[in-house]
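Trainee: Can you keep this structure in mind? I'll have questions shortly.
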């Protein structure tokens, strides 16, 4: 008979993937919404901003409530929010329900990133070594990729392209909830719920000298990822010349999917070396993305996007490792909150600005702005991580 702990590990892993899959399911349909329901580029950018802001709120305010309410309870709440947001997306004819649905999904993803990730770690077999760490690292990007590609395939080949993927995902989320109920709780409920909801942003003194390089990397790479989420389908239509939802899904996945491999590449290499190499490759890849957009070349665009995703994953992982190495165990939660606040702000703020500019500028010129941001981040990284030359007599 399968133990409840093993059920819990499988249920938490499946839930983490499913929630992030649901959060990406609408993105390949953005161009359909834009053409059929007359949504603007600014409208679509606003939906991405709503998602990012909701994730930040959940991480900062609700990130520790599972220590007090229990992992299962908060996992069910995350699944419920994701399912509610996905159901809202079944009836999109204006921007308001799209914003609401994406915001609810963002809250679910934020809760999943904390509570369900902790549930995975708590439930992992003791003999599995680094399995839990690998699962929590890879599951979000795996979910985003599967959700986008699945949505694109169903939109192109299945009936009811505006609703089928959402109803299927709600069914998957409900199944995950059943498995969570069958799982064993891994923490004892403790008092202090309200106190745990006070945001804690703590940056260790030793980490502050590392912030210029790390922050520039977080802001530039996450901003570019946000560009794919907000404008990817529109770029596919306007610059690459196709309205295919499947190609739009491939565009989104081409940047996100390789990032986990980039994190693995960082490995045991010195963080500063990974930061410099990662950002140098990232800027070159972004230049390739821009050139491909200008030429309207789909395959080179996908290749350059994948290389940019790899470089992002490496640079981000190197920065995380450098910062976390300076923190004591009691400081890590506050430091992680600060890192994610910076990262999601990097995704939200530039996309909000780009959304406002999209009414007056082409998507290619907006993309150039992200390229400039990446180049500035590289210069800051090179300056902040340079090795001082030894003094000469």
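Along the chain as shown, residues are numbered 1 onward.
The backbone N, Cα and C atoms fix where each Cβ goes, and this holds for glycine too.
Note that TrEMBL annotation is computational and uncurated.
Straight from TrEMBL, here's the annotation block:
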type     : residues : note
DOMAIN   : 1-386    : domain 'Major facilitator superfamily (MFS) profile'
TRANSMEM : 42-62    : transmembrane segment
TRANSMEM : 74-93    : transmembrane segment
TRANSMEM : 99-121   : transmembrane segment
TRANSMEM : 128-151  : transmembrane segment
TRANSMEM : 163-182  : transmembrane segment
TRANSMEM : 210-231  : transmembrane segment
TRANSMEM : 243-265  : transmembrane segment
TRANSMEM : 277-295  : transmembrane segment
TRANSMEM : 301-323  : transmembrane segment
TRANSMEM : 335-357  : transmembrane segment
TRANSMEM : 363-384  : transmembrane segment
Trainee: With CB pairs under 8 Å as the measure, which of the listed stretches 99-121, 128-151, 277-295, 301-323, 363-384 comes out on top against the transmembrane segment (42-62)?
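Mentor: When the Cβ pairs under 8 Å are tallied, 99-121 comes out ahead.
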Trainee: Considering only Cβ pairs within less than 8 angstroms, which of the stretches 74-93, 163-182, 335-357 has the most against the transmembrane segment (210-231)?
Mentor: 335-357
Trainee: Going along the chain, which residues at least six beyond the ends of the transmembrane segment (277-295) come within the CB cut-off of under 8 Å?
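Mentor: Residues 217, 220-221, 224, 235, 239-240, 262, 266, 301, 303-305, 307-308, 310-312, 314-316, 318, 363-364, 367-368, 370-371, 374-375, 377-378, 381-382.
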Trainee: In terms of Cβ proximity under 8 Å, which residues at least six beyond the ends of the transmembrane segment (243-265) contact it?
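Mentor: For the transmembrane segment (243-265), the list is 24, 27-32, 35, 137-138, 141-142, 144-145, 148-149, 151-153, 155-156, 161, 224-225, 228-229, 232-233, 235-237, 278, 298, 301-302, 305-317.
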Trainee: What is the pLDDT of the domain 'Major facilitator superfamily (MFS) profile' (1-386) when averaged and given as a whole number?
Mentor: 89
